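Participant: Quick paste from TrEMBL:
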- GLU156: active site (ACT_SITE)
- HIS155, HIS159, HIS165: Zn(2+) binding site (BINDING)
- 56-265: domain 'Peptidase M12A' (DOMAIN)
- 531-645: domain 'CUB' (DOMAIN)
Amino acid sequence: MKSGRPSFQSLENTDENQVPIARRLTAVLVEITFLSHTTLFQDTEEKEGELERHKRTVNNITSQQWRKGIIPFKFDPAIVAAHRSAAQYSMNLWSYWTGYRFYLWNKTIHADYRLGHNATLVFASGSAGCWSYIGRVISAGNQPLYCCGVVTCIHELGHTLGLYHEVNNPERGNMIRVNYDQIISDAVNNFNVVSPRASTYTYYDYTSMMHYGPMTFSLTGQHVLTFLDPDLEYLLELRAGGDTDLFYPAFEVQISLNLTGTICSGFTKVCYNGGYLSVVGGVCTCRCPVGLNTEDGCQSIEPKDTSLQTMSWPNEPFALLKPVEGCPPGFHSDGTVKRYKDYIGYNFLPKTSITFHAAGEFLLNYVREEFCVRDTTVRGDPANQADWSQVMIGSFCIHKAGGVCPRGFQEGYIQYDDYNITTSSGHLPDGVFSEPNATKMEFCCRTDNSSFRSLRLPNAVPFILYPKDSRDCVDVEGMFSIMESYFFFNTRNSSLDGKSGDAPYTRQPYSNIERYKELSLCYYYPYNQDCGGLIDVVEDTPLTITTPNYPNNYDNAKQCTWFVKGPEYAKLRLQFETFNVTRNADGTCEDTVEIRHTFPGHRGMRVCGDGFLKTIMTEANYLTLVLTTDEKNSLKGFKAIVDVITDAQLAYVSEGTNGIYSGSVNITKNFDVCVPWEDVAGKCDHHPFKAG
């Protein structure tokens, strides 16, 4: 399920380009940046005044920056297609979230843009691993970058833009320990702390795309990195390109661009509550923590875009699979195709996913599909009509209709070897529905390699799209999504069974039943956002937050965001008096509460179930709670208490290792009594008195 970002779909059968970042850059991904970062830790001399004390882990040496944010690039002719695609996606991602621009090299590009150098980034081939230099290290010629998959290419481009590994951050001692005895010998230097004279740096960012995995370069398969707070390891579990992946790295790399003095010199708005000035999609704006409103400088909860509720669909021929609620306005809804599947008697196999919202009948021996075919005689307001030429985002498929695919789509088909003659009626998508023993469904798909943006489509009523390349639904603004599927039999060796061109994602779920196939679809439905708020909490006045309707059950299909801000000198403490949020029988979450308690741009831990016993202490003076509910069940929700905790309340007398607690908060988040400081060294492998 998605709303902007939340999803409850499984991550099974993902490929390398989609793996959670928790599994990124482990020992199996050989990144050999240590071979090329020869000047990484040198105490480089800087002229007085050159250091911008923004405290970020980014190269601040002026001579190693890409002037004007322009990076000429070219591809090695020998680069494989997958690496070329990964490079293009990564450039699109960094360009979308920052003021950097990647321009294809030509002989005059350096002179045309007056760059003051003749360096060109080359996506190269032939290396034994994935690596990049940090910043622009040459004044003329080709600077190589070796990409692997999407995840590593985003990471390596971060180096090109000047980012160090997060583990090199001098602030790491407050957050992690490095187990040097577990590191392979050739990689030990990768874990050195970078010189503050050659970088600007700040708090330690677990979510950074530049963060190693906990076992990267492990000698024995044991953790190289130990988190002082193990509960924060979830922050590594980010997917490539998600909102929070580049929130702080995008800020870091734009420091050298001096946006207020160059690209965004006319931008006068101030960005509050953890937001910052950024170029997003080519526009100067406040980039806010997820859930806050860019229009007012991150000072309120982001409202739902109501214009999408009245938007009409593109006025071109195409068709959609009909959801159980019926077709969106402007579609013919009478199309039906019934086909008899090549059924071979496995009655115990599933017919559809547990949740399934397509209209019709989906059985093992036959399928009756119903369709929504765009009626091009129904025209909406031209000023508020979706345009496929503008919807160049992500990978998805629709049904072909009218003999041609909409602009930007590529055609393909799936053909079924059926058991009997297919029957059909009404307005239909393109295909073959009357041949003996064969049904051909024609599709139009696009693969724009830009899933970090959301589709802007009419979102007043549910609809169905097909995923193209994986079991992953493209994000649609203002809609939740559920990955669903139905199953069918096809005779694998028959000439009538086939798939060609661009078509929806299918797979064989059981290796020992070759003819049993699964076709995935994405069901989208609108959600409400009329709850939550931005709230200030003050010392000695605890704040109470409850879910809508509490103590009665909360509403379905809802997303509520509470952004709580305390005094700058304090932290916030969160405790739940009541917590009752729907959980599935298998332990996964049906509805979720996301708790963001580190920094505003980080995502939070997602929890559900009956009872939440931990006390949460924030890293700064911000706390965000996000309730996301689906269209099915609901429970009582929660009652939360948030109060301000000052340094005095947390204080202890820290004279060497013999400090004692003197504040009012001296229990852990699990309500255990804190260990006396004099006992820490003997009981804890890692602690504040042990460097690392």
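Indices start at 1 and increase along the chain as displayed.
Glycine is treated like the rest: Cβ placed from N, Cα and C.
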Participant: Determine how many residues of the domain 'CUB' (531-645) DSSP places in helix, in strand and in coil.
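Facilitator: Going through the domain 'CUB' (531-645) residue by residue, I get 0 helix, 61 strand, 54 coil.
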Participant: Under a three-state reduction of DSSP output, how is HIS155 (Zn(2+) binding site) classified: helix, strand, or coil?
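Facilitator: Where HIS155 (Zn(2+) binding site) sits, the three-state DSSP reduction gives helix.
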Participant: Quick check: in three-state DSSP terms, what is HIS165 (Zn(2+) binding site)?
Facilitator: coil
Participant: Just going by other Cβ atoms within 10 Å, which of the binding-site residues HIS155, HIS159, HIS165 has the emptiest spot?
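Facilitator: Lowest Cβ count within 10 Å among the binding-site residues (HIS155, HIS159, HIS165) is HIS159.
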Participant: Roughly how many Å separate the Cα of HIS165 (Zn(2+) binding site) from that of GLU156 (active site), to the nearest whole number?
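Facilitator: About 10 Å separates the two Cα atoms.
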Participant: Give me the mean pLDDT over the domain 'Peptidase M12A' (56-265), rounded to a whole number.
Facilitator: 87
Participant: How many other Cβ atoms sit within 10 Å of the Cβ of GLU156 (active site)?
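Facilitator: If we count other Cβ atoms within 10 Å of GLU156 (active site), we arrive at 27.
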